[in-house]
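For reference, the structure is listed below as structure tokens.
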Amino acid sequence: MSKWQIFTRGLVRENAVLVLMIGLCPALAVSGTVRDGFGMGIAATFVLLCSNIIISLFRRNIPNEVRIPIFILVISTFVTMIDYMMQAFQPDLYRALGVFVPLIVVNCMILGRAEAFASKNSIIMSALDGLGVGLGFTLTLTIMGAIREMLGNGTFLGMVVFGEGFKKAPVIFMIMSPGAFLVIGVLKALINKYVKKETP
Amino acid sequence: MKNAGLIFLSAFLVNNIVLMRFLGLCPFFGVSTAVETATGMGMAVIFVMTLASWITWAVYHFVLSPFSLVFLRTAIFILTIASLVQLVEMFLKRYYRALYSAMGIYLPLITTNCAILGITFLNIDNDFNFLNGTVFAIGTGLGFALIIITFAAIRERLDQAPINPSFQGYPISFIAASLMALAFLGFSGLFGLT
């Protein structure tokens, strides 16, 4: 596979949330607004990119028997870094994401890429793979955040989109928990209808 | 939130872990295909969640906090929980065969379950003492079991229903979960809990 294919595979064709259905918890929990979804996506992308690079760098030195604990330690190091960086530089975003920032460590998407890809491939390839999967995750969360924020609050990144009348009486349940399940259910159904047939 | 009873109700119904907090969705959608397996999973989660809240409470207050190692909590908690689950599995296999056959196969699945780790973090973030933390963990575990068993029952019916091909499988499950979450929104405000 070419480098471009490695990169776009995680972005679209094997999109973690909408195609493989992994990493659902953060995708549903913090996609209430565009800002939250995008912030969460970038945080996960950072962890994924760094952990993929480090694991790929040490792939010949990590003993096979204890590889999973080592992967988890590497991932949790980067999660702790992003946790404290976000607390320092983006305190509002950190409060909105809450417990889901430290919980990036148990996102099966990240451990899955470490196990399935980074432990077997070169650094460049692993970095591209991590970047692709991470940006695919970011894209999904941003789209979900956009749909939920526009319908549930009448805004996009704080800007009013459908006029003041809608802003006063929006579909409020879209930004609450039922809206998250509904949006991902409908998105998945659309993917089943239009996308799945093209993929082998 | 000082009252243990209110903490229990909040964790069990009002802030239900699956439908309101969105933790533990992987087992929620993965293992909820039949009522029987959902029951085993629910039991295992209640059990491990309570044990994990005890042990991480002790680790946090006796090791991490006194030695200013709080920044290590993510790594330490996940390793503690992973080893705890391994130990519990071996212990049950050796001494309680009946219990092991009921929920043994679900124990390894729980290790990297975000519900367990999430609860231990929430315990710390909410400054719960030992008793309140235990009540919180049991309430949350029971809430998880309630939801996963009810949802398994719904999915058994969904399998029989004529559904549009695009909506089969995950999409219809998400929409069923959405309706359940809508119903659970009715609990918000119960005894002034939000």
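Cβ coordinates come from backbone N, Cα and C, glycine included.
TrEMBL: automatically predicted annotations, no manual curation.
Record features (TrEMBL):
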type: TRANSMEM; residues: B:6-31; note: transmembrane segment
type: TRANSMEM; residues: B:43-64; note: transmembrane segment
type: TRANSMEM; residues: B:70-92; note: transmembrane segment
type: TRANSMEM; residues: B:104-124; note: transmembrane segment
type: TRANSMEM; residues: B:130-154; note: transmembrane segment
type: TRANSMEM; residues: B:174-193; note: transmembrane segment
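When each of the listed stretches B:43-64, B:130-154, B:174-193 is scored by C-beta pairs under 8 angstroms to the transmembrane segment (B:6-31), B:130-154 comes out highest. Note on the transmembrane segment (B:130-154): residues 2, 4, 7-13, 16-19, 24, 27-28, 31-35, 37-39, 41-43, 45-47, 49-50, 52-54, 57, 115, 119, 122-123, 176-177, 180 of its chain, located 6 or more positions outside it, place their CB under 8 angstroms from a CB of the stretch.
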